[in-house]
Amino acid sequence: MSSRFRLFDRTAVMGSGYIFAMVNRMQMLYYVLILPKHLIHPYMMAGILGVGFLSQINLLILAKYLTSNYFVLGYRGFVQLFSEKVVRLFAILGIFFILIKVIVTTLGYVEIVHQFMFPSMKTSWLIFVLMASGFYIASQGMEKTIRLSIIGFLATIWVILVYIPYFLPPIAETHHLYPLVPGEVSLHSWYGLLMVWSALSGPEYLVCLGPWIGPKEKILKGMSIGNALSVFEYLVLFVACLLYYGSPYLEKISFPVVNMIRYLQSPVFERVDLILISLNMIYFLYLIALFLLCLYGAIRIAAGRINIKTNRKGFLGSVIAVFICMLIINGWFWREGEELNVWVTLQLWLGAITYLLVPSVLVIAMRWKRGRS
Amino acid sequence: MFRKKKRTAANQKKNEEKNRITHEAVTLDLLKQVTAKMDDAEIVQRQTNNGVSFSLVYIQTLIDKERLNEAIIQPLLQSKEQTFIQGISTCSVLRIHAIEEAKEHMLFGSVLIHDHEKNEWWAVKLENSLSRAIENSETETIMYGPKDSFTERIEQNVFMIRRRLPVTELKAEKFQAGSNTKTQVQMLYIEGIANPDIVEIARENISKVNFDLILEASNLSAFMDDHTHSLFPQFMQTDRPDSCAYSLGLGKIIILLNNTPFALIAPITFFHLFQSPEDYVHRWVIASFLRSLRYFSFFIAITLIPLYVALTTHHYQMIPLQILYVLMESRTKLPFTPFWESVIMLVIIEIIKEASLRMPTKTSQTIGVIGGIVIGQAAVEAGFASKVLIVLVGISAIACFLVPNYLVTKATTVLQFLILILASFLGILGIAFGLILLLAHLNGLSSLKQPFFAPVAPLYWRDWKDLFVRAPLPWAKLRPEYLKTVKKWRVSKGEGSE
């Protein structure tokens, strides 16, 4: 049985559709649900657009690496670019970054489920179910997990349409959209921009998927469309929140994007938010699976076992390790009800740093390599 | 290590013995031994006009006895030639040497003839061509379109397909499967359209089948499935020659087995299981509507009862007040939780469904009435189930049958139970878990190594023309992309543009 357990096999290359779906769903993870509360002011709409533009520039830099021959070679490309020792060092760093991302994403989602759906349920059970499902999806291999991005995208993209009523009277209060020009720029506003930047992070993890995505010509196109759609969704959700709550009330409410859906009326169901929270699980699960695979790959590189075949026990072991870390953080360190707790803040900074540095470091390394040869 | 060596030596010895037996020359004594205690086997000795004596060995139940006399015995008796076998007018006469060869021919309806003088053996094909007539398809009935369906005779089935596709590119490769059944298998495909890699995978898979009994199409597909434990069939079974011809034209492969009226079609996708031959008979708008209705019914069938359990167990707040009144009134005196109430009713419905399938037609109608009215009504009056649940169970039971593929209908039932369990624990979230895992599972499946969830994942936009809607036929100028066919265009003018 173990001989058939191949996680990193490749039979086909995934085109721009997958890149677009992956980039978009990676950027719409967790922070989108809390972001409006921290942006507050209407003029931050321009902030979202500006950071979105910077994100596009960053993607242009990233695309330089993704369209190089190093990228297609995957691990061997990294070794050629740096050296085996440096790659192992990066892998160790990567383990930390991915671990924090998986933990914060999962616990963030669990908190939403706990708060809105099952307030009396022990969160450990939810974490277990999410991790078990993530393991099942990931154990089908990287190729099939990437393929799931399309399903995740198609299953959830329409959710944005649910927010249309918030743009229409009598719900929409247009005066909430003013002032569009800031009177003064506070430190909080800069922090809001950092949050948008961090929320748009995620595409940098495409560097781990070298052998599976292509062709070169379509990578930038896929990423750009994905990024543009994400910025559009962020804008729609932020404006919807502003129109519905108004700035003064917006900063007082937790998970505004989820909360406002509670008030939608439907002849068949009330509390539509419960359906949408459940539905959103598909891309949370998909990304948990994807990051678990990246994490396992990073562990193999760090342990110098890249040439040994993948096996079920090893993968299960790494998933169990993540699960235990998650339980520990959830049990002792996660402060529920406080959206920007220390872990979310840590991930905020880590996401921003990885998104800024990964493309730049890779392109600089490529230039340096070219200069030497 | 020693044991391994010993085992290898034993295997080698066994193989040598097998080879010896296989190549052993056929003799009358050996055939007598082989046919011992086979009362339907006959060994007849006669002499020609020239005085040459010959023997006939055959199994009378397998051959056409009327033709035996006129096609073999009479010509042989009257033969004046030295090589009397030339007098036989039957088309298929084969020289045989080894006993295994003789056994095989005899068991497939040949008469073995032994020329005593020259000590030569011949096999003359005289198979009993008993078969039922070509009838209407019972499993895939349609109002308009061809009515004929396959029979148990493979030659007849191949004929029905060839008649629809009179092209020399239609290839039919023969195989044998089942060490005891020696079932004749034919793999059909159109050369120049079907992807050679897929043909090779199918060829390899059929050759690898190692089992004693391959009695019908499902037996063979069980050995060829990429995913043995999945609830979903990875080969489509059909008894309609027109469906087979259509699939061949698209670039798929058809596998026919002797003694079974069902052909296997592969590679298929999940979405093929929702397509009916009648989709291509109706106007495209109507066909699209009916197809969408099937997908919706599948969704309803697997989620309706779990949704009832989720709402009544975990999320009362989701039910609008007016509906909540009805629900509460209906559930007030029930002794069971919504989960157990649903499980009991679903199990009863399944029992009724199974009983009505196994019973003779007239009895099954009675069972339907008893099940539908008496048990439903009685369950409500006795206070075992709520009226609302009875309505929902009825809807979901009927919705199950809208899927044209019976194997999927059964899979739907199991899925319904699995999602029901998840819904009882996690409510709406449990249903979402069930559906997401179902999607992930479908995404991981393959049919002849081709993705099962195409054209959604992998995404082939072009193939969406025949997915949830059935676009007008003139728009379907290209073959499905996921099949990676050699010829992409279905219309002649485009061939040059490949």
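Each Cβ is built from the backbone N, Cα and C atoms, and glycine gets one as well.
Among the features that TrEMBL reports, transmembrane segment is placed at A:12-34, A:40-66, A:86-110, A:116-138, A:150-168, A:188-213, A:225-245, A:281-303, A:315-334, A:346-366.
Using a cut-off of 8 Å between Cβ atoms, the transmembrane segment (A:315-334) and the transmembrane segment (A:225-245) share fewer than three residue pairs, counting only pairs 6 or more apart in sequence. Between the transmembrane segment (A:12-34) and the transmembrane segment (A:116-138), the number of CB pairs under 8 angstroms, six or more residues apart, is fewer than three, so the stretches are not in contact.
In this chain, the transmembrane segment (A:116-138) lies close to the transmembrane segment (A:281-303): three or more C-beta pairs between them fall below 8 angstroms, excluding pairs fewer than 6 positions apart.
The largest share of C-beta pairs under 8 angstroms with the transmembrane segment (A:225-245) comes from A:40-66, of the ranges A:40-66, A:86-110, A:188-213, A:281-303, A:346-366. Outside the transmembrane segment (A:40-66), and at least 6 residues removed from its termini, the chain residues within Cβ reach (under 8 Å) are 23, 176-182, 188-189, 192-193, 196-197, 200, 203-204, 206-207, 213, 216, 219-220, 223-224, 227-228, 230-231, 234-235, 238-239, 242, 247, 250-251, 355-356, 358-360, 362-363, 366.
Within its own chain, the transmembrane segment (A:86-110) has Cβ neighbours under 8 Å at 29-30, 33, 75, 78-79, 123, 126-127, 130-131, 205, 208, 280-281, 284, 287-288, 291-292, 294-295, 298-299, 301-302, 304, 322, 325-326, 329-330, 334, 343-344, 346-347, 350-351, 354, counting only residues six or more beyond its boundaries.
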